[in-house]
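Trainee: Please find one structure pasted underneath; my questions will follow.
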Amino acid sequence: MANVCPIPTDSYKVGFIGAGKMAESIARGVVKSGILPASRIRTAHSGSARRTAFESIGVTVFDNNTQVVEDSDVIIFSVKPQVVKNAVSQLKPILSEKQLLVSVAAGVKLKDLQEWAGQGRFIRVMPNTPSAVGEAATVITLGEKATTEDGELISQLFGAIGKVWKADEKLFDAVTGLSGSGPAYVFLAIEALADGGVAAGLPRELAIGLASQTVLGAASMVSGMGKHPGQLKDDVASPGGTTIAGIHELEKSGFRGILMNAVVAAAKRSKELSQN
């Protein structure tokens, strides 16, 4: 690691290869948090809508990815998994180990990314869709030549759109099953809670509002109070009361087992896809 050139933390520039919604969410979060001024972020796109989205933040938008790479210290490949190989390979001749490379492409392993780039200073990042509202659950893992300082820098960047954890890459299929696919499970749960409210007599708009805020509040209690979810459940389930009656119905239907099975099934599918 001694030969790795440190990224200049007070002046580094971030370049996005791919100007989609994920890149926009990261850019907006980073600028809003003050971690990086928009003047030190760049991307490339030919479409007017995407150019306008980034230029409205103050991001420099080039005509091609070569310009992005040549003017960036940290390069984030924010493209779909099926095109990341082509994107990295095309830029390989101008990539340098003085630059830190990052991929947010789901299911694409570090060994492949490093091979396509011809270098090992790579970090794989897995955010999830709540990044759009600054509440992502993001997991990162470092490539063979990425330094601890590189990891801290990327954790800071992605911390602007939520919370960040570090984990071994072998856990990424399980991460996909839980936090990657998890928002969809929660959307389904919110919809079902709202439907229950409607069935009990609530207007649809009120039911959806109550269901979504209840899930948000409960999640905030788990992350903010330091109590085990089971303890929080027990705290609200008074003897012979309404809550324990509802919990009894959930248990009879195998609620916990269904969620566990969903995570395991998604993790298994992630592993299958990454092997293809």
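The backbone N, Cα and C atoms fix where each Cβ goes, glycine too.
According to TrEMBL, the record shows the following:
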{"type": "DOMAIN", "residues": "13-107", "note": "domain 'Pyrroline-5-carboxylate reductase catalytic N-terminal'"}
{"type": "BINDING", "residues": "ILE17, GLY18, ALA19, GLY20, LYS21, MET22", "note": "NADP(+) binding site"}
{"type": "BINDING", "residues": "ASN65", "note": "NADPH binding site"}
{"type": "DOMAIN", "residues": "169-273", "note": "domain 'Pyrroline-5-carboxylate reductase dimerisation'"}
Trainee: List every residue in the same chain as MET22 (NADP(+) binding site), at least 6 positions away in sequence, whose Cβ is under 8 Å from its Cβ.
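Mentor: Same-chain residues close to MET22 (NADP(+) binding site) (Cβ under 8 Å, separated by 6 or more) are SER78, VAL104, PRO127, SER131.
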Trainee: Using a 10 Å cut-off, grab the number of neighbouring Cβ atoms around the Cβ of ALA19 (NADP(+) binding site), all chains included.
Mentor: 25
Trainee: List the residues in the vicinity of the NADP(+) site, defined as same-chain residues other than ILE17, GLY18, ALA19, GLY20, LYS21, MET22 with C-beta within 8 angstroms of the site's C-beta centre.
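Mentor: Result: PHE16, ALA23, GLU24, THR43, SER78, VAL79.
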Trainee: Please identify, among the binding-site residues ILE17, GLY18, ALA19, GLY20, LYS21, the one with the smallest Cα-Cα distance to the residue listed as 'NADPH binding site'.
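Mentor: Result: the closest of the binding-site residues to the residue listed as 'NADPH binding site' is ILE17.
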Trainee: Could you count the residues of the domain 'Pyrroline-5-carboxylate reductase dimerisation' (169-273) that DSSP puts in helix, in strand and in coil?
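Mentor: Result for the domain 'Pyrroline-5-carboxylate reductase dimerisation' (169-273), in helix, strand, coil order: 90 helix, 0 strand, 15 coil.
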Trainee: Let me know the most crowded of the binding-site residues, choosing from GLY18, GLY20 and counting other Cβ atoms within 10 Å.
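Mentor: Top count of Cβ atoms within 10 Å goes to GLY18.
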Trainee: If you draw a 10 Å sphere on the Cβ of ILE17 (NADP(+) binding site), how many other Cβ atoms land inside?
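Mentor: For ILE17 (NADP(+) binding site), the count of other Cβ atoms within 10 Å is 25.
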